[in-house]
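Q: Feature table excerpt (TrEMBL):
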{"type": "DOMAIN", "residues": "2-208", "note": "domain 'Thiaminase-2/PQQC'"}
{"type": "BINDING", "residues": "38, 79, 131", "note": "substrate binding site"}
{"type": "ACT_SITE", "residues": "201", "note": "active site, proton donor"}
Ligand code: HMH
């Protein structure tokens, strides 16, 4: 299980699409496809995060969880505004986007995680993993030896910046605290959910990259 996790995590955070941004060889039509699809994703992600917030307010024994998740929702508000301005910069229409299969599958997965019977520990683990994949991927494109094109720096900064990294570590801490107290049944569900997130992230990159 650990080996599989490790392998999938690397696949998700060092995907050929990300590596192509990092080495400057990125195909801009791929980038535009990613931009349009990710805007759709983020609009689906907001209700999921809201559902995690509701679970935190009911289940959590730590007063700080709500603030961290609320901060996440606030940054999604900025993110939606950013997508709109970025899309107009790149001439990517955001209305009438044909939602790709990988995106539809990811949405369906998120919808299932929103159900009240899904444990808070499972939902917060998924939330952390979703954010962490983007953080690790885009931070990789900002390293000193990267050749990320200047017009993509802003995108990489959005998720690769230190503040976003700090926020991901806060989510990880919450997830770890919940998992320490979880039953073995919940722990297994969280593990499986974590792997599913990584698979969906890889599929999402594949779609952007044009290999799906
Ligand atoms: C597909 N995963 C995907 N899109 C995002 N914007 C994030 C994660 C991070 O918010």
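Cβ coordinates are placed from backbone N, Cα and C, and glycine is handled just like the others.
Note that the structure is a prediction, hence the values are computed from the model and not measured.
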Q: Taking the residues 38, 79, 131 listed for substrate, what is the greatest CA to CA distance in Å, to the nearest whole number?
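A: Greatest Cα separation within the listed binding residues comes to 13 Å.
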Q: Using an 8 Å cut-off from the Cβ centroid of 38, 79, 131, can you name the remaining same-chain residues around the substrate site, in sequence order?
A: 41, 42, 45, 76, 134, 158, 159
Q: When you tally the Cβ atoms that lie within 10 Å of each candidate's Cβ, which of the recorded positions (38, 201) has the highest tally?
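A: The residue with the densest Cβ neighbourhood is 201.
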Q: For the domain 'Thiaminase-2/PQQC' (2-208), what's the mean pLDDT in this predicted model?
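A: Summing pLDDT over the domain 'Thiaminase-2/PQQC' (2-208) and dividing by its length gives 95.
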Q: Round to the nearest Å and give the CA-to-CA distance linking residue 131 (substrate binding site) with the residue listed as 'active site, proton donor'.
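A: Here the two Cα atoms lie 10 Å apart.
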Q: Can you check what DSSP calls residue 131 (substrate binding site), collapsed to helix, strand or coil?
A: helix
Q: Rounded to the nearest angstrom, how far is the Cα of residue 79 (substrate binding site) from the Cα of the residue listed as 'active site, proton donor'?
A: 18
Q: According to DSSP, does residue 38 (substrate binding site) sit in a helix, a strand, or coil?
A: helix
